[in-house]
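Notes follow once the structure below has been shown.
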């Protein structure tokens, strides 16, 4: 009897699974808010130089007399005249700029009509300091990268529940402290800590849910998690519109994690993780507790140490020791998975953040774009779910990356003045990449064995963070030619889609607990497959009977 049969015996998708999965998934609503929070807390309002303190507007000719004009006839953001241009009618930008200029030595005046307060206006992250704004987001992504590596390893060593409890507390404390940060360096430090814990929450949410669910429900839960994240994007748009002050917004999306921290103490650790750690006593205790919650007390009493030893003999004999991250490179089968999945994670995140890293660049309301980008996820993930559940994980992963890459590449050859077409293609590409993210979480969790599943997910997420960090750097190639970044953002997912063909399908397969389980899933040589094609159905039936 395989572990999936044990889950069915204690209730399958019972009361326990419904309650715990709901509580585990709920924090993802606010994780989406944190990931794109700086689109609002670091928004750049219209601004121009502040005149000298000794300026006399009644004599100088008003504020306009201090401001040179750009090519569109608008006031320059980063320059001012050294002396006011009294009485200048400003018929064109050439006349308006006839005079010596200097940087904004007295600071800036901001248009606070849309954004009353952001980190940009509070710490003057404009002009020569503009790069610091991107630094804050990059440091957050560095935190996500570190968290995926560190907490992914700890979750395999200490368990999913303990790490989740720590992560909720860390997110609550660091997010709240960021809202009260007295200066920019302190703000960046707390954002980095938030990124570390949020990365682990995302990974452990998927793993803890998958390991407590039967085979036939995994795709549904993976899609549910994706939809919760999408709803979080809607939530962010509404909350940011209602609470435009950056400190209040930062606090509002951080304080609920104190509540998540409190109720997470009631989570039940993964019995699958207990068994892979060699703790059969805890596995029995946990399964019996779940059976009681699900109203299957009699089925729980039928379980014993002897039953578990017979059912989980493979896990006990082959998976007592926890595999280290080095096994991902040392073991040929794991190395193959690691390299292929790393490419998929990198390409998805690289292209995704290439599209959404600057919502203000679309030239329309930032709140509207946030809603549109969230809305496109709903039909995209529904289509993805249908493909995942009917055709399999591999076709869904390949198609989502390929279509996203094509949309971005086509966008690169569309004229700049066709803003509606370009925006539509960007939204379609974003929807495909959201589907890719949804699939890659599920696919990775199903490919790696239990003894190293969380480490594998952590390393995959690490490669995704590398992609999100590299993506803004590629955006700088627009200095060479405006469409160069789009060609790069589109080519990478197209290339990665071909890598998917090197991975096995996991549709309808039980989660592997050991490396041996994973290797048994890998296809036989193609010639043998062709010879045995007619015998495929009985072979699959035999595999199910043996719990493979």
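Don't overthink the numbers, they just go from 1 along the chain as shown.
Glycine is treated like the rest: Cβ placed from N, Cα and C.
Note that the structure is a prediction, hence the values are computed from the model and not measured.
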Can you say which of 89-108, 109-128, 249-268, 269-288 is given as transmembrane segment in TrEMBL?
249-268
Transmembrane segment per TrEMBL: which of the ranges 52-70, 166-184, 299-317, 318-336 is that?
166-184
Tertiary contacts of the transmembrane segment (135-154) (same chain, 6+ residues out, Cβ under 8 Å):
38, 42, 119, 163, 167, 184, 187-188, 191-200, 203-204, 325, 357, 454-462, 464-466, 468-469, 472
Below 8 Å between Cβ atoms, which of the listed ranges 166-184, 224-243, 367-388 makes the most pairs with the transmembrane segment (249-268)?
166-184
Tell me, roughly as an integer, the mean pLDDT over the domain 'Major facilitator superfamily (MFS) profile' (92-508).
83
